[in-house]
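Engineer: Copied straight from Swiss-Prot:
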type: REGION; residues: 1-193; note: region 'Ribose 1,5-bisphosphokinase'
type: BINDING; residues: 14, 15, 16, 17, 18, 19, 20, 21; note: ATP binding site
type: REGION; residues: 194-693; note: region 'Thymidinephosphorylase'
C-alpha cells in the first residue's frame, strides 16, 4: 500500500477508556527505533505537568499565534482545551515516514482533505471494559461515566480507510494487535520462493536495499511473522544482495515456502514476533532456579510459538537436564499435556503399558495388549518407531497391519477390539516434541526426569487412567543401575498420582536381549509363537509378557492381585489372546500379506568352545540395522545361542537376515569385527563385543 517517499498518516481514535495512550506508547517503544515511524506530539493548551500524554504545552495565546501562521495541520477543541497537530508532519510523510497521531473522531473528515494516505485506526472495547477503566481513573462519577458511554458518534467518511483494533484484554495483548495493525498497512511484501534448503529452520530472506522495510533492522536473534490470506509462518531473517531479490519482496526457504502454502506473488505482511514474556523465567532456570507451573506454561508456550532461537532453547534444556525437582516434573507434565491432542473415553478404566525401552527383542507389548483386550479392559496402546534400535513396537506391528491411525480410527479400533497397537506419531506427538527432539537428539540430552514428565503427559492426554511402566536396567540399558531404576519408579508413581493417574513402575532386568528375533518381522514371529503356544516360543519373552499383563489385570476389581496371573495364563493358553490380536489387526487394517523374515541369510558362528556369558544387545542390534532393519521390516537377526547356553566352536550364534546382497555383506562384515557375544571357557573370557561399550 505504501512506497518509499509516500508515508501513511495513522489517525488513532477511540472513546475514553479505550487505552489509546497506552497503545501508542507501546507502539512507540516497538517501532520508534526503526526511524520509519513518527509519533506526533499534540499541541494542547494544558500545562506540561498536568498528567496524561506527553504533549507540547502551549498557552491559549501561543496556540492562536501558531494557528494564525498556518502552523497546524488540523486543530480542534474538546473539554475546554485546544488541540492541534503540527503541519510539519506533512514533511515527514513526504520523506517516506509514517505518522501516528492521537486524534478526535470528529476531525477525520477535515484531516482526510489535508493529508494523502490517511488510515483511521479505531480502538474499540466493550462498554463494560470502558466503564471499568474510567472508574479506575477516579476522575468521574458513575453518572458521568454512563453519560460518556451513551454518546453517539458520527460515522466515518466512506472514502477513508478504517481499521479496528480491539483492546479488551491485557495492555501487552493490545499493544501487539496495535503494532501488527500498523505494520500490516506499511510492510506488505511479495512472496518469492528461494531455491535454498534450510532444514528444520524457517528462514525469510530480504534484500539489503528493500524499499518496503528497513531490512537490516530485522537481523538478530528475534523472529518475524509473515501473514497473508489467513495463513502465517514464523521465521528468522537473513539478508541477501539486492540482485537476488526484488526490493519489494520477501523470499522464503524451500521448507518455509511449503509450510506457508501460498503461491509466489502472494502479498504478505511482515511483523516482528513479540519478545517472549517468559524470557525472565527461562533465564532463571538456566541459572539453576526452580520454576512453578505458571512459569513453565509461559516458557513452553513461547518455545512452541517459535519465539526463542535454538541457542536459548538448548540452554533451557541443558539446565532442565541438570536439575528438575519433583514438583517441577509434575508441573512440566501438566504443561506438556496441554500441547497434545486429548482423547476422552466413556470407560471406567483405560489401561496402558509403557517401557523405557532399549532392550533388543523385548516385544512384550504385542502380547500384553491382546491378553488385556481379551479380558475386556480398554487398552489403546500407542508406540514409537525405532530411532537408533532395530525395531520399535510400531515397526513390528506394521508387519501385520496399519499403524498410522488418527484419533478417530483409534477410538473405532478400541470399540471393536478393546485394544489397539498404533504409531504415536499421529496421536500423542505434539509441536513441542518436534522442537525438543530437534535440539536434544544432536546434543545427546537424555534426562530421565524430563522423560517422566513427557511420558506421563502423553498418557494423560491419551485418556489413560492406569499405567504400568517397565524400567529395564543394565550396563547397556538406558537406565544403568537398580538404584536409578527404583528412584525413577518412585518418581513415575509420585508424578502420576499428582496427575490423577494410577501408575505402577517396575524395574526389570535389562542385561540381555529378550526373545530371539531382533528386527520387525523376526520379533513378530516370536510374538506369534508365544500367542500360539509354539514349542519354539522364547520363554523369557512369554514370562515377561505374562508378568506385565497380570499387573494390569490386577487393577480390575473383579480379578484382583491374587487371581491376575492365573487369568493372564488362561487367556494366553486358551487362544483368547491370539484371537484378540486378530481382531485388532482386522480393525486397524490388515495387510494382504504379512511381512516375512528376509530370505538372504548369513550365519555367525562361535570361534571357541564355552558357555555364553554375555550378549551385547546393542552390538547385535547394530548389525541388524546394517542388514536393513527397521526400514526393511524383514531384515534382522535371529539369535541361536542365549546367555547360559553351552556352545562349541562352529556352532551358530545368530543368523543375519537381509533382503539384498549388499546389506547382507555389510552386516556380515560388521559381525567379523565384533559379534556381540562373550563366551567363557575354563574361567577364560573370549569376547567379540564392541570395545567402546
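The backbone N, Cα and C atoms fix where each Cβ goes, and this holds for glycine too.
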Engineer: Please determine which of the binding-site residues listed here (16, 18) has the lowest count of neighbouring CB atoms within 10 Å.
Structural biologist: 16
Engineer: Could you check what DSSP calls residue 14 (ATP binding site) once collapsed to helix, strand or coil?
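Structural biologist: SS state of residue 14 (ATP binding site) = coil.
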Engineer: Within the chain of residue 19 (ATP binding site), which residues six or more apart in sequence place their C-beta under 8 angstroms from its C-beta?
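Structural biologist: Correct list: 123, 125, 133, 167, 171, 174.
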Engineer: Can you name the residues of this chain that are 6 or more positions from residue 21 (ATP binding site) yet have a C-beta less than 8 Å from its C-beta?
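Structural biologist: Those within reach of residue 21 (ATP binding site), by Cβ under 8 Å and sequence separation of 6 or more, are 52, 53, 102.
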Engineer: Which of these binding-site residues has the least crowded Cβ, counting other Cβ atoms within 10 Å: 14, 15?
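Structural biologist: Minimum Cβ neighbour count within 10 Å, taken over the binding-site residues 14, 15, occurs at 15.
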Engineer: As a test of the contact definition, list every same-chain residue at least 6 positions from residue 20 (ATP binding site) whose Cβ is closer than 8 Å to its Cβ.
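Structural biologist: Residue 20 (ATP binding site) has long-range Cβ partners 12, 13, 14, 102, 123.
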Engineer: List the same-chain residues at least 6 positions away in sequence whose Cβ sits under 8 Å from the Cβ of residue 17 (ATP binding site), in sequence order, or say none.
Structural biologist: 125, 129, 130, 131, 133, 134, 137
Engineer: Could you name the residues, excluding 14, 15, 16, 17, 18, 19, 20, 21, of the same chain that surround the ATP site, i.e. Cβ within 8 Å of the Cβ centre of those residues, in sequence order?
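Structural biologist: Sorted by sequence, the hits are 123, 125, 130, 133, 167.
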